[in-house]
Amino acid sequence: MASIHGKAMMGGCIQLWIFCAFVILVPRLIQCESEPAEGDIRLEDGNSSSRGRVEIYHNSTWGFIYQIYWSYIDYTAEVACRQLGLDTTNVRGFVMNRGNGPLHTFGLVHSCDGSENRIDACFVYGESGSFTEMVLAVECGPYLQGDVRLANGSTAEDGRVEIYYEGEWGTVCDDDWDNDDAAVICKQLRNYQHGAEAISGGAYAEGTGPIHLGNVQCEGTEIKLEDCSSGGWRNNTCGHDRDAGVVCPPAFEGDVRLVGGHSLMEGRVEYYHDDQWGTVCDDFWDVEDAWVVCLQLGYKPFDGDRYREAYFGQGSGPIHLDGVQCSGREVRLESCRSQILGSHDCTHSEDAGVRCSLPDDGDVRLQDGPLINEGRVEIFYVGRWGSVCASDWSASEAWVVCQQLGYKPNTGFAISGATYGPGLGPIHLDNVSCVGQEYKLDDCGKSINAVGNDSCGDNGYAAVHCPADLEDGDVRLVNGNSPNEGRVEIYHAGIWGTICDDGWGSPDSQVLCRQLGYQTNNASATRGDNYGRANGRIHLDNVRCTGFEVRLDDCSSNGWGSHDCSHLEDVAVICTVPNEGDVRLIDGHTTNQGRVEIYNNNQWGIICNRSSWGATEATAVCRQLGLYQNDSGSVPFGTADDWSGGPIHSTGVFCSGTESRLDECRSSNDGSDNCDPSDVAGARCISSLEGAVRLVAGSSPDEGRVEIFHDDQWGTVCDRGWDDNDARVVCRQLGYTGDVGVARTGGTYGAASGPKYLTNVRCNSYDDRLEDCTHNGWGVTDSYCQRGYVNAGVQCFHPTTVLPSVISIDDIRLVNSSSEYEGRLEVRANGRWGTVCGNYVADNTLQSMAEVVCRQLGYITEDAEALKGAFFGSGSGLIWLRSVYCSGYEVNLDDCNHYTWLNGYCTNKDAVGVRCKEPSNSNRVIGTMAFVGVSLSLLALSSFVAVWYTCTHAKTIRQTQRMDQGIPLTTVNARSTTMTDACPPNNE
């Protein structure tokens with residue numbers, strides 16, 4: 001038995017030695033990588049593996065290349081691409097800023113002629129000095145069919161036009177060659193196209209090879225020369241004495257261009273100022289800024305992706321713009337807010353970029369108007385923007401154009417004639433006839449200009465003015481197959497954004513559809529990405545409507561911009577298409593009042609009451625809507641601001657008082673298309689909501705500020721005398737069972753506007769509704785209660801929920817900041833997130849708490865900082881903690897002493913924020929390497945100890961075995977020798 005044990009120990013010993021070798025050698029292998037050879041090169045800081053700054057390995061260090069003779073840069077670039085094994089058919093050499101790379105810059109004294117296989121074959125090493133800013137960069141790759149270039153010009157902006165086709169460069173014949181053709185060439189070459197000049201007659205010397213194109217006829221709106229009409233590839237009878245050329249014009253102040261991308265539609269944004277191109281810093285650079293750049297360049301409106309951190313390579317020269325903040329509706333980048341031209345705190349490592357996309361057939365835009373919301377209508381077809389003739393052009397067509405462009409439905413004014421000129425492109429449409437409810441202009445009846453008319457004649461060119469008075473909270477549905485469906489977007493702070501589907505339900509869809517003028521019955525929600533992935537802001541999350549609100553922004557939510565969603569969670573809605581004879585109330589202060597509109601012949605229209613409209617007619621409207629009639633039910637609701645024209649369905653309605661629907665009444669129409677705004681019929685109804693309660697501004701549907709419905713309006717309750725008895729009645733009225741309500745006071749759920757209805761509420765255990773409790777009377781308040789924040793709140797619990805006294809903190813997070821290392825501190829307890837109140841905690845204690853927070857989140861605790869007074873926003877939900885006491889050495893915040901806040905004088909305005917020190921990349925790498933290195937070293941040390949102990953112990957056992965068996969210590973059989981030689985020799 002002892003012998004078996006000893007042999008087992010010897011086997012383990014061998015395995016441990018193998019393990020030790022593995023532990024020691026593997027880290028060395030991990031640290032090692034193939035050593036570059038003298039003269040090796042690499043590409044760095046490009047946006048692909050075939051593009052970037054060239055670095056060369058010399059004297060055991062990497063360095064940049066500074067070419068003394070920059071005129072030979074393309075030859076050097078070809079050699080670099082060949083050495084790297086990349087495609088050399090379309091090579092471009094250029095210069096890049098040196099950035100933050102190697103310290104050395106080696107001068108290329110002897111230039112390459114393009115035939116060499118390695119750069120060091122034409123390289124004489126000379127230290128150029130670390131001060132050299134601009135160094136060699138290359139782009140390797142094949143030419144693509146349709147690529148163009150200019151040859152034999154005196155500058156880079158002029159020359160003979162050559163186009164690439166079937167693997168060969170060739171020229172273009174100057175038949176019909178004009179400035180529109182030249183404009184497309186200049187656009188394709190990323191130069192500015194307005195003012196491009198066509199040059200004929202082989203002015204730039206005769207080319208060689210094939211003549212690829214003749215009879216080219218561009219409209220000037222095409223993206224590439226091959227998109228233009230022509231006689232076809234190699235179908236011409238020209239000689240090289242008629243090779244076409246162009247002169248691309250200089251840019252104008254405020255022009256933009258894209259540089260460094262792989263296509264015309266992407267690249268680093270460059271802005272022209274003071275006769276020089278310069279870059280744009282990416283501070284605040286967002287999708288709305290990208291939209292404006294793309295629109296200015298003629299690409300798809302309200303579309304585009306933004307890129308930061310010199311994604312398309314670093315520029316050179318000045319940085320013209322910083323802090324650009326566009327709303328997305330400007331027509332030029334220079335119209336957006338920004339710092340003063342030339343004022344910035346950036347380097348070229350922060351150059352902004354964009355990627356645009358081609359418009360879709362049927363997209364529209366407004367051109368040459370004084371503002372973005374006015375101009376000549378152009379529509380995109382078959383790769384070109386074109387005009388629309390103004391035959392029969394009216395308000396209905398203008399409404400469709402404005403709605404398609406994102407303005408309010410049923411708004412817009414038609415403009416005809418030649419107010420904004422004929423434009424540069426073809427004429428695409430004529431005789432357009434819309435009802436006014438279509439989703440896109442392309443959905444209307446029309447005549448497509450198939451015969452190629454080049455003028456609209458006396459009819460002029462269609463133009464529109466769209467009212468630009470979008471308001472915060474306006475909504476729209478986008479990318480749907482019809483106007484009544486699509487991804488939900490809401491307008492805030494000048495920008496359209498999406499809504500997260502967290503908590504979204506039927507009442508939310510009903511309010512959304514009501515705001516858009518649709519019927520609320522059967523409104524349904526679906527996934528937003530069914531209508532395409534959005535790329536802009538997410539404005540709202542956890543929207544909670546009762547279903548009776550007039551507008552979506554009347555509902556409670558997390559607040560503008562507060563969310564934890566991605567665009568995969570965008571909500572979409574399908575509204576019910578109205579039926580013939582349906583009615584609706586529009587532009588009232590509540591859902592129960594407004595201008596009366598009736599649906600007839602697939603469009604909504606008003607009733608011009610003249611003298612027949614009265615309480616009896618208003619009663620029919622209220623009854624049809626399932627509401628009750630007010631004593632003053634008949635009211636005029638039209639004003640010049642509310643009604644901007646449109647169909648008039650009736651000029652006289654006569655009801656008996658027994659009708660259940662308005663279309664059961666007698667009506668007449670004198671055919672008039674004008675109505676004085678004071679004659680537009682309206683109605684005021686009463687709902688059955690009187691005395692209803694709701695909870696708003698809470699972090700869940702179970703809590704919030706108490707609001708009660710009275711006199712057709714929601715109002716709040718003063719917190720004077722508010723206690724748990726009152727809270728329980730509210731919860732009971734909302735459908736909770738048992739005594740499961742906790743009172744909240746002191747503006748827990750934020751300030752409110754609107755009437756303060758109740759004060760000194762005193763409920764009894766038998767009260768079922770808040771309005772049944774005693775109080776001072778409706779609207780009777782005092783100076784204390786008139787303050788906006790002294791509102792009663794409630795937290796309701798389900799019967800199985802245990803009311804918290806001491807809570808356990810499950811998790812923490814920092815929110816409402818652009819950096820992951822700082823933000824408002826929120827803790828999760830009982831499955832719900834809430835804030836921490838800083839009112840009751842001394843600053844030094846908060847500092848210790850900040851260190852613990854940073855430690856728990858895995859951040860650096862040095863210089864951790866606590867920030868009071870809702871520095872990162874006030875939040876809108878539950879306040880979990882009012883006091884936290886940490887020593888600063890705890891691992892988790894839950895290890896600190898902390899106290900819940902159920903009642904007291906904390907509000908979300910006292911929310912604590914934390915700022916942790918942001919590690920540099922080097923700190924992260926060094927820290928990780930140090931941790932791995934120390935861990936492996938300790939593992940190796942422990943392995944050696946284990947091996948030494950095991951082997952020593954094994955030899956002791958072996959000696960004991962021999963002595964027990966009477967074998968001399970010097971006698972070793974073959975089997976045991978093999979086993980024991982795995983350990984270090986015994987020097988006994």
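Glycine too: its Cβ is placed from the backbone N, Cα and C atoms.
Recorded disulfide link (TrEMBL): Cys326 to Cys336, out of the candidates Cys336, Cys346. Of the listed cysteines (Cys545, Cys565), only Cys545 is recorded by TrEMBL as the disulfide partner of Cys555. Per TrEMBL, Cys665 makes its disulfide bond with Cys655 among Cys655, Cys685. Residue counts for the domain 'SRCR' (693-797) under DSSP (helix as H, G, I; strand as E, B; rest coil) come to 13 helix, 32 strand, 60 coil. DSSP gives Cys444 (disulfide bond) a coil state; it is part of no helix or strand. Of all Cβ atoms in the shown protein chains, 24 besides its own fall within 10 Å of the Cβ of Cys545 (disulfide bond).
In sequence order, Asn725, Asp726, Arg728, Val729, Leu770, Asp772, Cys773, Thr774 are the residues of the chain that are 6 or more apart from Cys763 (disulfide bond) and have a CB within less than 8 Å of its CB. According to DSSP, the domain 'SRCR' (364-467) comprises 16 helix, 38 strand, 50 coil. Distance from the CA of Cys665 (disulfide bond) to the CA of Cys434 (disulfide bond) is 29 Å. For Cys228 (disulfide bond), the nearest neighbour among the listed disulfide-bonded residues (Cys326, Cys545, Cys555, Cys886), judged by C-alpha distance, is Cys326. Scoring each of the disulfide-bonded residues (Cys326, Cys444, Cys773, Cys886, Cys896) by how many neighbouring Cβ atoms lie within 10 Å, the top position goes to Cys326. Taking the Cα atom of each, Cys665 (disulfide bond) and Cys112 (disulfide bond) are about 92 angstrom apart.
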